[in-house]
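For reference, the structure is listed below as structure tokens.
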Amino acid sequence: MKRKASIMFVHQDKYEEYKQRHDDIWPEMAEALKAHGAHHYSIFLDEETGRLFAYLEIEDEEKWRKMADTEVCQRWWKSMAPLMKTNSDFSPVAIDLKEVFYLD
């Protein structure tokens with residue numbers, strides 16, 4: 001498994017809605033994430049800044065990249081766009097983080 005982490009940004013007046021949408025994640029979205037090799041996916045919120053810290057483990061980088069091309073992912077991004085900073089394709093603005101320490 002490969003560990004991945006990134007920072008995303010949620011609008012400060014949208015925290016509750018962001019959390020609720022993830023509490024009620026579409027079953028087909030959860031299935032697609034798993035089918036594309038996602039495990040142990042967690043998102044944490046810094047309420048002072050609106051920064052989201054996302055962590056997940058993936059089986060394979062290429063398999064994971066294909067998730068972005070799925071119809072359900074495209075719909076999810078579009079539905080989440082009003083809540084977050086996004087790119088022109090509605091994908092979340094995300095900063096990939098470099099792992100500098102790991103203790104098993």
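Cβ atoms are placed via backbone N, Cα and C, with glycine included.
Quick look at what Swiss-Prot annotates:
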ACT_SITE  HIS22  active site, proton donor
BINDING   TYR18, TYR41, TRP76, TRP77  substrate binding site
Assigned element (helix, strand, coil) containing TYR41 (substrate binding site), judged by DSSP: strand
Nearest-integer angstrom distance between the alpha carbons (Cα) of TRP77 (substrate binding site) and the residue listed as 'active site, proton donor': 12
Cβ-Cβ distance under 8 Å to HIS22 (active site, proton donor), same chain, at least six residues away: ILE43
CB contacts for TYR18 (substrate binding site) [other CB atoms within 10 A, all chains]: 19
